[in-house]
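So the structure is just underneath, and the comments pick up after that.
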Amino acid sequence: MSLIPITFYFLFLFFSNFRGVFAVPNIHLCHFEQRDALLEFKNEFKIKKPCFGCPSPLKTKSWENGSDCCHWDGITCDAKTGEVIEIDLMCSCLHGWFHSNSNLSMLQNFHFLTTLDLSYNHLSGQISSSIGNLSHLTTLDLSGNNFSGWIPSSLGNLFHLTSLHLYDNNFGGEIPSSLGNLSYLTFLDLSTNNFVGEIPSSFGSLNQLSILRLDNNKLSGNLPLEVINLTKLSEISLSHNQFTGTLPPNITSLSILESFSASGNNFVGTIPSSLFTIPSITLIFLDNNQLSGTLEFGNISSPSNLLVLQLGGNNLRGPIPTSISRLVNLRTLDLSHFNIQGQVDFNIFSHLKLLGNLYLSHSNTTTTIDLNAVLSCFKMLISLDLSGNHVLVTNKSSVSDPPLGLIGSLNLSGCGITEFPDILRTQRQMRTLDISNNKIKGQVPSWLLLQLEYMHISNNNFIGFERSTKLEKTVVPKPSMKHFFGSNNNFSGKIPSFICSLRSLIILDLSNNNFSGAIPPCVGKFKSTLSDLNLRRNRLSGSLPKTIIKSLRSLDVSHNELEGKLPRSLIHFSTLEVLNVESNRINDTFPFWLSSLKKLQVLVLRSNAFHGRIHKTRFPKLRIIDISRNHFNGTLPSDCFVEWTGMHSLEKNEDRFNEKYMGSGYYHDSMVLMNKGLEMELVRILKIYTALDFSGNKFEGEIPRSIGLLKELHILNLSSNGFTGHIPSSMGNLRELESLDVSRNKLSGEIPQELGNLSYLAYMNFSHNQLVGQVPGGTQFRTQSASSFEENLGLCGRPLEECRVVHEPTPSGESETLESEQVLSWIAAAIGFTPGIVLGLTIGHIVLSSKPRWFFKVLYINNSRRRRRTRSEKS
């Protein structure tokens, strides 16, 4: 036997035995039907940037037909079977409607799916019960979307689930008790939704639960004792709900609890001292409840691990216990609105060497707090709030032992201070200072403007700025000032030019002073930063600058001496929401061109010299308009209010973190409005507030019926004009109306009976018109005084004299209402019909040109029949 065949034989045996080692992997590892399902799922949604500022790339970009889905971003397959087991599309910029039946049916092709993560996209829709069929899921994360509706109870069928994240959606209804079936669950996050009702008692079966987050919902009831028996809990977050009752005294059973958060609820009773004795506790948030009694820390372990203790905004009373000194690791302490009823002994804080944030506002102390002593007591303090207390400021020529300059934020608002604290000069790290609502006189120190980012000096007696001429020559390459509040002082002269150096300004409020001269044109330098500019109630003259500030959200120059026209450059203020030029000398026509500002919500032109007619225009978001006390004239077009859709219905606010008021956390818009016959100052403007004031002009003709489209209107004032004709019955559609004033016009006819059905209408004035007939009998009308109807010789009925002859209601009233509603519908639809009219005229021309004889024959016969029928009916 030759050597060569034997060699090949042994090589064959070798490779046969080790073929598994050298086997080439399959080219297509994933299953074709799963790949197709993923591609179909991808095509259901659009991809739009940006999305939540997520740094991750677009995962579905790698999803292409013909490629191996197991190699796609966000997809994980089982190495042996090729089955897709994980789908992670977090931060994938997916936009669209999640069709539960179709989308979930696609996902049901993945029989062994363990992880489904669709968090932080822009997905809307509801979750159907078929999600319960994904029986192998261990992790489900739908956080950071716009999902709504109820949670399907079938989620309780996902018995292998260990993590369920539904944070930051719009889910509502009650939390299904079936979630108590998830016995392997360790992480449950239902926070920031709209859940109502109580915490299900079935949660007591979640024995493996470590983290429970239910904050920012509308949950109510008591904290179930079953939850306190979940001994593996390390975090409980219940903040910002409507929970009531007392905190359970046996909370010590949660022996490994690290964080307990229940802020912003309605809990009552005392704080159980046992809470502070849990060795592992590091964070306690109980602020803004109705807790009462004295504060007791019990037998605190030494050293305590507690880092944050927030108890402010309750009804706690008595002295601060000396045992607080055992909280040696404390970084943040909030005892604001604590009714101390005595002297604050800051020596009890001497052992809190690491304390960085101390909040003692409105402590109801019987003695004065020495600011110098407090600052000297704490070596690591970064933030200090003593607002609403009596604070002593001692300005000495020298400080023997100046405190360390570590304070970054200091709040001394409303502390009765009469002179500026010199000790603040040593605080080189200070970036936020609030000394508003005091009695400080003199000049504002120049160094503040070069160091601070936030300065609130409003409601004092300042008269100027220290060494302003020197400051104006100072070169500040990177000015830090972002928020400057200087309202309600005694500043005078021109607005100092150093303001122009503060090019990082976001908010500038110099309202209610005595500034004069022109508005500095340099405000245009803030074109990319300035959001809110308030110069109300000064003596500023000249015209509004023509510079463009694209970032501006609110502009208030009311109650000055400005003249000229509104600058047409305002058309480029694309982010403008509020424009208030009330009580100036502006002489211009109505600014129809402002309709291009898509975000404009408040427009106040009151008490100027505006003139001319009002034509139909489009204001999609306008909710408050006041053009009273001007010289507008002419008739209002019948479709005047058709495209004022911001008052037709309120937009659904998808962002629940938005403020209820116009403005931001630092600044809120304000204005003066005629309401119920009186001038009312709105210190804050509710976002749901709507008002229309056209009073004190020279309008004539009929009140447009399209006014009935403004169904969200709260205030309507058309008084002191020359309106004629009947009050439109369409006003009966103004279901939210609280104040109605049509006095001092030339209106005739009867007051529409439909107005009697407006249950919120608390104030009305129909006086000084030519109205006749019986006053409507609604409850709101009966409570009005006779002065609301005076100088209408034809009116009768309560609260006026009884009508001598009571006429049966004519059917014309009902028909007029029906006709009014039909007119409003046709007016609102007219915009969409315009292209159809053009098309119809074109087709008509073709028909008439090609078939005139038969067309006129048919038309003539039909018209003849109608005329004969009409004559016979009349005879």
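Using the three backbone atoms N, Cα and C, a Cβ is placed for every residue, glycine included.
Annotation comment: Swiss-Prot describes ASN103 (among others) as N-linked glycosylation site, evidence class sequence analysis.
For ASN146 (among others), the entry in Swiss-Prot reads N-linked glycosylation site. Under the three-state DSSP scheme, ASN146 (N-linked glycosylation site) falls in the strand class.
In this structure, ASN181 (N-linked glycosylation site) is part of a helix by DSSP. Sequence-distant contacts of ASN181 (N-linked glycosylation site), defined by Cβ-Cβ distance under 8 angstroms and a gap of at least six in the same chain, are GLY156, ASN157, PHE159, SER202, SER205. Annotated N-linked glycosylation site per Swiss-Prot: ASN181 (among others), in sequence order, evidence recorded as sequence analysis.
Among the features that Swiss-Prot reports, N-linked glycosylation site is placed at ASN229 (among others), with the record citing sequence analysis. In the three-state DSSP scheme, ASN229 (N-linked glycosylation site) is classed as coil. Spatially close to ASN229 (N-linked glycosylation site) yet at least six residues away along the chain are GLY204, SER253, judged by Cβ distances under 8 angstroms.
The number of other CB atoms found within 10 A of the CB of ASN299 (N-linked glycosylation site), across every protein chain shown, is 11. In the three-state DSSP scheme, ASN299 (N-linked glycosylation site) is classed as coil. Annotation source Swiss-Prot lists N-linked glycosylation site at ASN299 (among others), citing sequence analysis.
Here Swiss-Prot flags ASN364 (among others) as N-linked glycosylation site. ASN364 (N-linked glycosylation site) has a Cβ environment of 13 other Cβ atoms inside 10 Å. DSSP assigns ASN364 (N-linked glycosylation site) to coil in the three-state reduction, placing it in neither a helix nor a strand.
Annotation comment: Swiss-Prot describes ASN514 (among others) as N-linked glycosylation site, evidence class sequence analysis. In three-state terms derived from DSSP, ASN514 (N-linked glycosylation site) belongs to an extended strand segment. Packing around ASN514 (N-linked glycosylation site) is summarised by its Cβ count: 13 other Cβ atoms lie within 10 angstroms of its Cβ, all protein chains included.
For ASN587 (among others), the entry in Swiss-Prot reads N-linked glycosylation site, with the evidence type sequence analysis. Within 10 Å of the Cβ of ASN587 (N-linked glycosylation site) there are 15 other Cβ atoms, across all protein chains.
According to Swiss-Prot, the feature N-linked glycosylation site maps to ASN633 (among others), an assignment based on sequence analysis. Cβ environment of ASN633 (N-linked glycosylation site): HIS611, GLY612, ARG613, ASN697, LYS698, PHE699, GLU700 lie under 8 Å away, each six or more residues apart in the same chain. Reduced to three states, the DSSP call for ASN633 (N-linked glycosylation site) is strand.
Residues near ASN717 (N-linked glycosylation site) in space but far in sequence (CB under 8 A, at least 6 apart, same chain), listed by position: SER628, MET674, ALA691, LEU692, ASP693, PHE694, SER695, SER739, LEU740, ASP741. The feature N-linked glycosylation site is assigned by Swiss-Prot to ASN717 (among others).
If you take the C-beta of ASN757 (N-linked glycosylation site) and look for same-chain residues 6 or more apart in sequence within under 8 angstroms, you find GLY732, GLY778. According to Swiss-Prot, the feature N-linked glycosylation site maps to ASN757 (among others).
If you look up Swiss-Prot, you'll see ASN765 (among others) marked as N-linked glycosylation site, on the strength of sequence analysis. Around ASN765 (N-linked glycosylation site), the C-beta neighbours below 8 angstroms that are at least 6 residues distant in the chain are GLY677, SER719, LEU740, ASP741, VAL742, SER743, SER788.
Sequence-remote contacts of a segment are chain residues at least 6 beyond its ends whose Cβ falls under 8 Å from one of its Cβ atoms, and for the repeat 'LRR 3' (159-182) they are 114, 119, 135-153, 188-206, 208, 213, 219, 654, 656. Residues annotated as repeat 'LRR 3' in Swiss-Prot, with sequence analysis given as evidence: 159-182.
The feature signal peptide is assigned by Swiss-Prot to 1-23.
Marked as topological domain 'Extracellular' by Swiss-Prot on the basis of sequence analysis: 24-822.
Confidence across the topological domain 'Cytoplasmic' (844-875), taken as the mean pLDDT and rounded to a whole number, stands at 39. Here Swiss-Prot flags 844-875 as topological domain 'Cytoplasmic'.
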Cβ contacts within 10 Å for ASN146 (N-linked glycosylation site), all chains included, total 17
Cα-Cα, ASN146 (N-linked glycosylation site) versus ASN299 (N-linked glycosylation site), nearest Å, comes out at 46
Argmin Cα dist to ASN299 (N-linked glycosylation site) over the glycosylation sites ASN364, ASN514, ASN587 returns ASN364
